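Engineer: According to Swiss-Prot, the record shows the following:
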ACT_SITE  Asp13  active site, proton acceptor
ACT_SITE  His41  active site, proton donor
BINDING   12-18, 40-42, Arg304, 330-332, 412-414  GTP binding site
BINDING   Asp13, Glu14, Gly15, Lys16, Asn38, Ala39, Gly40, His41, Thr128, Arg142, Gln223, Thr238, Arg302  IMP binding site
BINDING   Asp13, Gly40  Mg(2+) binding site
BINDING   Thr298, Thr299, Thr300, Gly301, Arg302, Arg303, Arg304  substrate binding site
Amino acid sequence: MANVVVIGAQWGDEGKGKITDLLSRSADVVVRYQGGVNAGHTVVVGEQTLKLHLIPSGILYPDTQCIIGSGTVIDPKVLLGEVEMLEQLGISTDHLLISQTAHVTMPYHRLIDQASEQQRGSHKIGTTGRGIGPTYADKSERTGIRILDLMDPEGLREQLTWTIAQKNVILDKLYGLPPLDAESVIEEYSGYAERLRPHVVDSSLTIDEAWRKRKNILFEGAQGTLLDLDHGTYPYVTSSNPVAGGACIGAGVGPTIIDRVIGVAKAYTTRVGEGPFPTELHGDIGELLCQRGAEFGTTTGRRRRCGWFDAVIGRYAVRINGIDCLAITKLDVLDDLDEIQVCVAYDIDGERCDHFPSSARSFANCQPIYKTVPGWKQSTSHCRNLEDLPKAALDYLKFLAELMEVPIAIVSLGASRDQTIIVEDPIHGPKRALLHTNGDSSAS
């Protein structure tokens, strides 16, 4: 048995959906532990491309229990839309469970999110406008609506009547927006409650029961380490904790049940929205990465900013999450390049810096120090074993593993499940501390 956390080692969009889908084959339970509809993941199965925002990737496996944990924030309309989409494709959602203590995104959250971002002007932070930040803010202020509140009609009416009256003052006085009709919102969300009710459980208890039966549990993070509220490029971050430690809080488990952490990173780097990005490319190579990598957001459709691989933030992600091994995705996107650059350190005001700075202002002043390596100029999308890769591609992977000080367990060479090289067992491999002690950081 192994309980594994899958996290993004960059700014999100690393390909966690595909990796989680692959690992879900050997999982009994998959738990999404944070975030909301601001995060999207894409899974390609045969000719079908599924884009999901809330439902865990493991939903494609009928024997895998899929749980939306208490650390998430749920937009019921979007969630039920995903359920309907899957059922129309003949994919059952009977094995989908929803934490009763997850918070609910309401219409006023979306309105406040969008109006607040617009009001920021040139100081915007790049929110998706889906109401995630305001939902988490209400959670912290202890005024939020939880899934279990939806299940209590009288309590919901009382709570929403008071809350909407308060939010209408904010909408009017602060943003100049028309008020919401409380009765309409109560009626709408009461309808959602009845459709969600069969899926609602005490998720912490459900996960504990699975653990006691020695089931394999996979914890699925959304977004990435550099978007973490506490450890990311603040203030250009999300409102939750995508890091591995967030899995315990967002799922309702103790840290001792986590056996392994798998970090997912692209073979280059992308970022959506605002914020510093030292290795960002603005010319032809940046455009090539964007087009070949289809770098457009699953949630918003926004064009992703593209740049070279940044080993400084990679090492930071390894440290913050305790990453045991890596899954490197989209290696094939680099196939046509004559040479590839990797950021190995930063120059800040003439001094070398090997570590990620906590200040966004300092990070914005970082100039990347690059190591240039040769490209391989041939297709890798057909490769299924390390031996099939061009030597330069294999050398590139080894270089990344050395810089990150963890082994590479999975290499993804395309969106399909079969476009994957399993280098070593990502679930049952040795712990990072042992690898570090032995000095073993190669990719093979």
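Cβ from N, Cα, C; glycine included.
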Engineer: Between Arg304 (substrate binding site) and Gly40 (IMP binding site), what C-alpha distance do you get in Å?
Structural biologist: 13
Engineer: So for Gly301 (substrate binding site), how many other CB atoms are inside 10 Å of its CB?
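Structural biologist: Result for Gly301 (substrate binding site): 8 other Cβ atoms within 10 Å.
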Engineer: Using CB atoms and a 10 A radius, I'd like the single residue among the binding-site residues Gly12, Gly40 with the highest neighbour count.
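Structural biologist: Counting Cβ neighbours within 10 Å, the top one is Gly12.
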Engineer: Return the single residue from the binding-site residues list (Arg302, Arg304) that has the minimum number of other CB atoms within 10 Å.
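Structural biologist: Counting other Cβ atoms within 10 Å of each of the binding-site residues Arg302, Arg304 gives the minimum at Arg302.
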Engineer: Within a 10 Å radius around the Cβ, which one of these binding-site residues has the most neighbouring Cβ atoms: Asn38, Thr42?
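Structural biologist: Of Asn38, Thr42, the one with the most crowded Cβ is Asn38.
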Engineer: Could you check which of the recorded positions (Asp13, Thr128, Gln223, Arg302, Arg303) sits closest to Thr42 (GTP binding site), going Cα to Cα?
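Structural biologist: Answer for the nearest of the recorded positions: Asp13.
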Engineer: What is the separation, in Å, between the Cα atoms of Gly40 (IMP binding site) and Lys18 (GTP binding site)?
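Structural biologist: Here the two Cα atoms are 12 Å apart.
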Engineer: Measuring CA to CA, name the entry from the recorded positions Asn38, His41, Thr128, Gly301 that ends up nearest Asp13 (active site, proton acceptor).
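Structural biologist: Considering only the listed recorded positions, the nearest one is His41.
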